[in-house]
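See below for the structure under consideration.
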Amino acid sequence: MHLFPKIPGKAVVVFSGGQDSTTCLYWALRVFDEVEAVTFFYQQRHHLEVEAAKQLAKNAGVRHHLLDVSVMNQLAPSSLTREEVPVLSAEEAREGLSKGELPSTFVPGRNMVFLTFAGILARQVGAKHIVTGVCETDFSGYPDCRDMFVKSLNVTVNLAMEESFVIHTPLMWLDKKATWKMADDLGVLDIIKNQTLTCYNGIMGDGCGTCPSCYLRRRGYEEYMESKHGTDCERV
Ligand SMILES: [Zn+2]
């Protein structure tokens with residue numbers, strides 16, 4: 001059985017240059033005949049994110065589209081778009097979530113806008129498939145990362161343009177440990193570990209270590225490494 005079954009056709013990957021979307025980019029390269037990536041610029045606080053995305057796409061040899069959606073910054077202040085909104089620690093974020101509060105890093109409507117624009121771009125470049133790294137499992141409290149939302153938007157985008165796009169969410173039911181395993185299975189563990197930017201404080205690779213994003217990323221990596229080396233030892 002092939003680990004990554006082939007799907008014919010072309011895909012557009014929504015690509016931020018973080019762990020999840022970079023894993024999706026390499027997944028798409030394995031699965032589809034042709035792949036293009038799209039990165040959205042919304043004057044995010046960490047401009048390095050866009051630079052990381054550019055470099056990663058170049059290294060992966062995929063055509064890269066950079067779309068300016070700065071209006072998101074104007075409409076949706078969050079700690080990812082504004083200097084004055086602080087990034088919470090992992091603990092503070094968990095506490096807020098338990099009280100039903102959305103985290104300060106939430107950019108309202110972001111995935112709705114991104115996936116809608118990705119659909120319009122897909123139509124333009126003749127792609128039937130759209131790939132996004134959203135995930136419901138390590139749920140950070142973002143309503144637009146849920147499976148139900150993506151399925152609903154898929155129907156809406158198709159109705160809006162009379163198309164039959166398929167939005168793929170290869171990470172939807174994976175936790176971070178399983179996402180690291182996927183990167184390893186794709187042979188890109190080191191690229192994901194060293195060249196992606198996931199940290200809410202804008203630090204490449206292993207990041208600041210304390211923000212909610214770094215916490216999930218590091219915990220998943222440690223769990224994966226533990227299970228991998230555990231298995232290796234058993235084999236010996
Ligand atoms: Zn961080």
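Here the Cβ of each residue, glycine as well, is placed from N, Cα and C on the backbone.
TrEMBL annotations:
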BINDING   F15, S16, G17, G18, Q19, D20, S21, T22, T23, C24, L25  ATP binding site
BINDING   C199, C208, C211, C214  Zn(2+) binding site
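Proximity to ligand 1 (Cβ under 6 Å from any of its atoms) holds for these binding-site residues out of F15, G17, S21, T23, L25, C214: C214. With respect to Cβ neighbours within 10 Å, the binding-site residues L25, C208, C214 differ, and C208 shows the lowest count.
Comparing Cα positions, C211 (Zn(2+) binding site) lies closest to Q19 out of the binding-site residues F15, G17, Q19, S21, T23.
Rounded to the nearest whole angstrom, the C-alpha distance between F15 (ATP binding site) and C199 (Zn(2+) binding site) is 15. Q19 (ATP binding site) is 10 Å away from C199 (Zn(2+) binding site) when you measure Cα to Cα. Within 10 Å of the C-beta of C199 (Zn(2+) binding site) we count 25 further C-beta atoms, all protein chains included. Counting only same-chain residues at least 6 apart in sequence, those with a Cβ under 8 Å from the Cβ of T23 (ATP binding site) are G133, P170, L171, T179, M182, A183, L186, V188, I192.
Within 8 Å of the Cβ centroid of the ATP site, not counting the listed residues F15, S16, G17, G18, Q19, D20, S21, T22, T23, C24, L25, the chain contributes V13, L56, G133, T196. Rounded to a whole number, the C-alpha distance linking S21 (ATP binding site) with C208 (Zn(2+) binding site) is 19 angstrom.
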